[in-house]
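> What follows is a single structure, and I will ask about it in a moment.
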Amino acid sequence: MDGDRVEIDGGIMEGGGQILRVSTALSCLLGLPLRVRRIRAGRSQPGLRPQHLSGLEIIRDLCEGKLEGGEIGSTEITFTPGKIKGGTHIADTKTAGSVCLLMQVAMPCVLFAASPSELHLKGGTNAEMAPQIDYTVMVFKPIVEKFNFTFNCDIKKRGYYPQGGGEVVVQMSPVKELSPINLTERGTVTKIYGRAFVAGALPIKLAKDMSAAAVRCIRKEIRDLYINIQPLREPDDQAFGTGSGIIIVAETSTGCLLAGSSLGKRGKNSDKVGIEAAEILLRNLKHGGTVDDSLQDQLVIFMALAKGVSRVKSGPITLHTQTAIHFAEQLTKAKFTVTKSEEEDPSKDTYIIECQGMGMINPNL
C-alpha cells in the first residue's frame, strides 16, 4: 500500500482487461485510490488496448477522477476517484473494441451516481472475446435487473470488426441500494429463440444457413420444442461495416435465460457458425445451472455490492468468475463462497456461488 492506495496485480489469474474493469469500477464506487501494475502481462500485446483505455477514461470522467498512465500500451496506471456524478458521458474506442465491455465497467458506477446518466458508447457491438450487444439486451439485462434497477439500452448503430463504428446509448437512473438475487432453480426449458444476422456486403442466405444449421444441431438433443431463430439483414443505415453472427437463447419456466452465440468471419463456413452457437447453448443447458458461462462473472460485482445474501447456481466456475470474485473480495467487504451443488443427479457439474454483499448505499440519495 502506498499510503492508502490499493495495489492490484493485473497479471494474475485471468490476467486480462477484466481485472481492470472490476477494480476500477470498485475503486470509483468506494472512493479507493488504486494502482494497477502488470496490466495484461501475459497477453501477446501487454498493456492497455484502446478499449481498456476508453473504459478507464469513462470511469475517470464519471467521477472527475485523476488517471495517470492512461495511454495505449501502458502496463501501469494509478487512479484517484472523485465523486460520481450523472449526466451524459461518451466513450469511444475508435476501434472494434467492445461497447459491452465499456458498459460492464461503467454500469455499477452510474447506479450510485447523484443523478440519471446517459452513456454514449462507441465501438464494436458484435466483437470477438466479448458478449455481443444482443446478449447484453436479451440475457444480461433481464437477469441483472433482478438486483432491483432498470436501464434502457438503445442500439443506434451496429459496428463490426475491424473498424467498429457502432453506437449504443444506455440510460440509467441511480438507486439507493441493490437487492440480492436468488437464482437457484433452473426449471424446464420452455422456449428457444434467437437471431441470425448479416450486415453490409453479405447475403441474407448466410443468415438462413446459420439459423438452419443451429436448429438442426439443437433438434438432435431437444425434439419437442419450437425453435425460432430469425434470419435477418441489418438495415444499412443501422450498421457500419460488414459482419455476421448468431445468438440463441433458451428461456426456462423459472425465468432463467441461457445462451450460445458465435460470430462469422472470413473463411468460416456459415453452417459452422450456427453449429458453434448451438453447441455452446446445449453445453450451458447440460450443466443444470441457472446462468450460462458468459453471465457468471458479470453478476459478481452486483452480488458484491448488494445488501444481503445472493445465491446463483452455475455450471463449472470459469477463470473469469474466479478472477472477479478475487478482486471483489480484495476491494469490498463482500464474502463469497463457492460450493459444489448437492444435486439429485451427481453427473451434473453444478456449483452454488453465494455472496454476503457489502450493502453499498448511495450517499447521494
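Each residue, glycine too, has its Cβ placed from N, Cα and C.
Here TrEMBL flags H320 as active site, tele-AMP-histidine intermediate. According to TrEMBL, the ATP binding site annotation covers Q104. Residues or ranges marked as domain 'RNA 3'-terminal phosphate cyclase' in TrEMBL: 13-338. Taken from TrEMBL, the feature domain 'RNA 3'-terminal phosphate cyclase insert' applies to 184-285.
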> Measure from the CA atom of the residue listed as 'active site, tele-AMP-histidine intermediate' to the CA atom of Q104 (ATP binding site) and give the result in Å, rounded to a whole number.
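Just about 13 Å between their Cα atoms.
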> With an 8 Å cut-off on Cβ-Cβ distance and a minimum sequence separation of at least 6, pull the same-chain contacts of H320 (active site, tele-AMP-histidine intermediate), or say none.
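The answer is E14, Q18, Q296, D297.
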> What average pLDDT does the predicted model assign to the domain 'RNA 3'-terminal phosphate cyclase' (13-338)?
97
> Taking DSSP states H, G and I as helix and E and B as strand, how many residues of the domain 'RNA 3'-terminal phosphate cyclase insert' (184-285) are helix, strand and coil?
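Tallied per class, the domain 'RNA 3'-terminal phosphate cyclase insert' (184-285) gives 35 helix, 37 strand, 30 coil.
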> Would you count the other CB atoms within 10 A of the CB of Q104 (ATP binding site), including those on all shown protein chains?
23
